[in-house]
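Residues or ranges marked as domain 'Amino acid transporter transmembrane' by TrEMBL: 24-303. For 31-48, 60-80, 100-120, 141-160, 189-208, 228-246, 252-275, 287-309, the entry in TrEMBL reads transmembrane segment.
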Amino acid sequence: GDVFSGTWSEGVHYSGVLDEWFGPRCWSTRPILLFLTTLFVFIPLASFRRVDSLRYTSALSVALAIVFVVITAGLAILKFVNGSITMPRLMPKLTDDESFWKLFTTIPILVTAYICHHNVHPIENELKEPSHMNAIVRTSLILCTSAYIATSLFGILLFGDKIQDDVLANFDGDLGVRYSTFLNDVVRVSYGIHLILVFPIVFFSLRLNLDGLLFPHAIPLAFDNKRFFFVTIILMAFVFVGANYVPSIWYAFQFTGATTALSAGYIFPAAIALKDKRGVATKKDKLLSLLIIVLAVSCSIIAICSNLYTFGNKTTSHEA
């Protein structure tokens, strides 16, 4: 929605792709675009019973993310070579309490970026060689880390102090190179489609886990048509309503990252190691697990408080 219909950041409106192509239209608003995407993309892709059926859309989403990184890196290198890039600020600018606490809002974003635990078991269950799962996880982490580092490095070089929380919002003006408008559109459209294609595989695990929670003793979800469509439609409706009422994906990442992502990524695995039902954890494993839980809970409390503080200050300033 933000990519195609536009977004607001710090009181400034950043135009969406469709706004620039066709001007303001009733069908290019965020709710209508989300409805059309849900109807013609999300629901068909969510109808697959096997995660293996999403391999082509997932591969395409990775390729589109690489396109975004390559274009951003190419632009930054080109402008660095011709001398049009100034030295970026290396340290955060702390002017008041809000700017200090805002630093901690990045923690949930970083945590969310590395949460893939919910996809491991569904993918492993459908592999011909389950032993390949470790190599798949390592490759995924290396690929993601490389993309994140490249995006942050070349993004700050390209936009400097003007870079937004959502770097895609920066691709709506003159980049200072030839074919600037075309490159802006390629970056935003490719990454917008990337985000769309990422959703079905996340939704697959969400549906599977919710079904296991609600119907723990039922037959597998893929073999029960009524239950499959009931859970799918309920979840899809909930996601659609949430997407319309959350003003920015940044808020969703901040609060879910500080709660569910930290729990799924660090607190629950560490708790399982502490419980040690099979008696395989060493004393070192348990001490490390306890340390991880303490750090995760501390980070979660700090992140939630900083999110609320920053959000409260923005609300007060807008009302004023």
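Positions of Cβ are set from backbone N, Cα and C atoms, glycine also.
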Winner by Cβ pairs under 8 Å against the transmembrane segment (100-120), considering only 31-48, 189-208, 228-246, 252-275: 252-275
Highest-contact recorded stretch vs the transmembrane segment (31-48), from 141-160, 228-246, 252-275, CB pairs under 8 Å: 228-246
Best-contacting stretch, by C-beta pairs under 8 Å, relative to the transmembrane segment (228-246) and drawn from 141-160, 189-208, 252-275: 189-208
